[in-house]
Every structure is written in structure tokens, then in C-alpha cells.
Amino acid sequence: MSAAAKSQVPEEAAPGCEEEPKGKTLLTWGSLFGHRSEKIVFTKGDGSPEESLLTVTITETTVIESDLGVWSSRALIYLTLWFFFSFCTLFLNKYILSLLEGEPSMLGAVQMLSTTLIGCVKIFVPCCLYQHKTRLSYPPNFIMTMLFVGLMRFATVVLGLVSLKNVAVSFAETVKSSAPIFTVIMSRMILGEYTGLLVNLSLIPVMGGLALCTATEISFNILGFSAALSTNIMDCLQNVFSKKLLSGDKYRFSAPELQFYTSAAAVALLIPAWTFFMDIPVIGRSGKSFSYSQDIVLLLLTDGALFHLQSVTAYALMGKISPVTFSVASTVKHALSIWLSIIVFGNKITSLSAIGTILVTLGVLLYNKARQYQQETMQSLVTATSRNPEDDTEPLVPQDSRQHH
């Protein structure tokens, strides 16, 4: 290969000289799924038209996780707040749906409208320790992306409320125990996140422990089970897409921004459905006219505000950790929710619940160790690659072809 051809390699691979990937994207979702197109560069040699050099950059287009991950101070604060607001929202939802005979679609509408209005205030009015910065540019498929994520978000909320209305809290959380494995698959397909064998194996006690927590749950309902499983899949897909938007290199959204845009998109998509299919004055299962007393309105507004805080803290935490780590943290939250439901709603404690909790705790510890080992291994590989960059690129070109040209 000529000297001119060799000089092109560092220029193309320089991180500061990133260009948009050439070629046409498939439909309008190419930028979301095509994470590898921005990491691979083809360069032609001057000596032969058949000669080509493949350069793979090390920098990912999506920052999967920071160095400390969930153990950073800010991530721990977000995690604690997310747990707290999630518990408050969960039990208030159960109270409204069970004791007040509320409809899931009505409660979902209140939650989405509330979080949209509060998010609008936070975006356009400087408040709540958040100063919104005006964005100069948006992704080319911004509207379609937000509509898609917003639809998934609303579907997750409504399906979760349907499962909560038809089955016990503990059973709904048990069905969600398979979330980590769905997240591993989707994160690999969409973000290109690599999880090693040890990390994948550590997820088994996490999922199995949560399933054991309520293995004797007898309030099985096919509608509630189907809704809980659908919520699980939709939530994993939404989390992976949200991570792509929160941690992208070129277009990165803050947690309040993403929360507001997706909520507004969900409301815009589903206003016709609410108008034609919901009978607002009659929302009780018994069909009686619902009385909007001051206490009921206060409960609904409180539920909407708590749901907003839960969503914002979840997005903020998601921006700091990987989707798989977020899924493991969510599994821990589900296990704690089971024990809190036992305390609050008086469900019986079983030996399997205790064993399951121990397994979840052990699985989380194993996951942290496996994750740390994987990060150290990858860091050592990157260090070795940076010390001898030419040794990694030379074998990509046949030795004899460089001698003849």
C-alpha cells in the first residue's frame, strides 16, 4: 500500500472527524438501530482497486455506562428517589383501582396528562432546580421517534394498571422477573451492548429469586398475566430506546426533556381513544356514577405528581447506567415491592418468599462482581490496543499485497 493510503487511516479513525454514515437508512428508524454504521470505516488503497482497509473505531455512539455505574453518588441518589416514588405510586395505584373501583384507562390518562403538564412547566418555566437549555437542532426523525417511544410508554402504563387491577401486586411483580433477559437481548440488538457469559449467568438467580418470592400466589388471572407479560416486554424495549436517546453522541436529551416529549407524544396519540372509548362520569366497575369529591381529586392529582417524579428519576438513572443494570435495579425494586405489599396489604409470608429474596440479593452481588470483572477486562483490552495501534490494523491488510504496490 502506498504512503498516501496509509495516511488516510488515522484521519478517518479520528474521533473528532466523525461524519454521518454514508448510504441510505432503512425507513426512518435507521439511526436508532444502525449503531454499527458509525463505528466502521472503509478506505480504498491507491495501489489496487480490490485492496481495501477496514478500520473499526473504539468509541461507541452510545455511552452505555459511566465508570462507577450505579455506585456513583448521583446515580445512588437517583436510585433511592426512584425506589421511593415508585413505591408510593404503586400502592396509591392499588388503592385507587381496588378500593375506589377505578378504571385503569382513566388512571393512566390522569397520570399521562399530569406528567405532561408538569413536564411542560419544567421545560418552559425555569423551576425545580432545572434550567432548560434551548436546543439548536433535533434529530431528523425526532417526531417519529418520540411518537414511537411515547406510544410504548403509554402502553406500558395502561397494561401495568390492567395487570394490577386483575391480579395481586406480588403476582404482577413475579411475572416481571424475566425483564433482565429481555433487556439483554434488546440492548444487544439496538445498542450493541456486550454482556459476557458471567454477567448473563448472574441474571439467573436474580430472575429465579424474584419468581420464588410469590411462587404460591393463587390469584392467577389470564388477563392480568397477559397484561403483566406485555408490560414487561414493552418496558424493556422502551428502556433501551430511551437509553439511546439519553446517551447518544450527536443528539443527547436530558431526563426532563425526554419525559416531556414522550408524554406529550403519548397524549397526542391517545386523545382520540380516550374521547371515543372512555365514559368519564362512569369509571367504577359496578357501573355507578362516580362522585368527584375533593378527596378523590386530591388522590388523582397526587398520583399524577408521584408518577411524574418516578418517571423523571427513572430517566435520570437510566442516563447513568446501562439498560441491563437498570433492569437488575428494577428487579430489586420489584422484590422490595413484594415485601412492602405483604406488610401493607396483609399478604401471607412464605418460606419461598424468604428464599427468593436471598436469591435476588445474592444475584445482585454476583452481577456487580461479574460486571466489574467485565469492565476491567474490556479496559485492559482498550489499553493494550492504544499502546500498539499499528499492530491491530496491519493484519487487516494482506502482507503480500503491500509488497507489490
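Quick reminder: no glycine exception, Cβ is built from N, Cα and C everywhere.
Feature annotation from Swiss-Prot assigns region 'Disordered' to 1-22 (among others).
For 380-405 (among others), the entry in Swiss-Prot reads region 'Disordered'.
If you look up Swiss-Prot, you'll see 76-96 (among others) marked as transmembrane segment, on the strength of sequence analysis.
Tertiary neighbourhood of the transmembrane segment (106-126): same-chain residues 93, 96-97, 132, 154, 157-158, 161, 256-257, 259-260, 263-264, 266-267, 270, 274, 278, 280, 283, 300-301, 303-305, 307-308, 311-312, selected by CB-CB distance under 8 Å and a gap of 6+ residues from either end. Annotated transmembrane segment per Swiss-Prot: 106-126 (among others), in sequence order.
Below 8 angstroms of C-beta separation, residues 28-29, 32, 93, 97, 104-105, 107-108, 111-112, 172, 223-224, 227-228, 230-231, 234-235, 237-238, 241-242, 245, 258, 261-270 of the same chain, each at least six residues beyond the ends of the transmembrane segment (142-162), sit close to that stretch. What Swiss-Prot records for 142-162 (among others) is transmembrane segment.
The transmembrane segment feature in Swiss-Prot is assigned to 167-187 (among others); the stated evidence is sequence analysis. Tertiary proximity for the transmembrane segment (167-187) is limited to same-chain residues at least six positions away from its ends with a CB under 8 Å from its CB atoms, namely 90, 94, 160, 193, 195, 200, 203, 206-211, 213-215, 217, 219-221, 224-225, 228-229, 231-233, 235-237, 239-240, 243, 322-324, 326-328, 330-331, 334-335, 337-338, 341-342, 345, 347.
Among the features that Swiss-Prot reports, transmembrane segment is placed at 195-215 (among others), with the record citing sequence analysis.
If you look up Swiss-Prot, you'll see 219-241 (among others) marked as transmembrane segment.
The transmembrane segment feature in Swiss-Prot is assigned to 264-284 (among others); the stated evidence is sequence analysis.
The transmembrane segment annotation in Swiss-Prot covers 296-316 (among others) and rests on sequence analysis.
Nonlocal intrachain contacts for the transmembrane segment (326-346), taken as residues 6+ away from its ends with a CB within less than 8 angstroms of a stretch CB, comprise 70, 79, 82-83, 86-87, 90-91, 94, 168-170, 173-174, 176-177, 179-180, 182-183, 203, 206-207, 209-210, 213-214, 236, 239, 243, 317-318, 353, 356-357, 360, 363-364, 367. Positions annotated as transmembrane segment by Swiss-Prot: 326-346 (among others).
According to Swiss-Prot, the transmembrane segment annotation covers 347-367 (among others), on the basis of sequence analysis. Within the chain, the transmembrane segment (347-367) has long-range Cβ neighbours (under 8 A, six or more residues past its boundaries) at 168, 170, 199, 201-216, 325, 328, 331-332, 335, 338-339, 341.
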Other same-chain positions with a Cβ less than 8 Å from the transmembrane segment (296-316) and lying at least 6 residues past its termini are 78, 81-82, 85-86, 88-89, 92-93, 95-96, 100, 107, 110-111, 113-115, 118-119, 242, 246, 255-256, 258-259, 263, 290
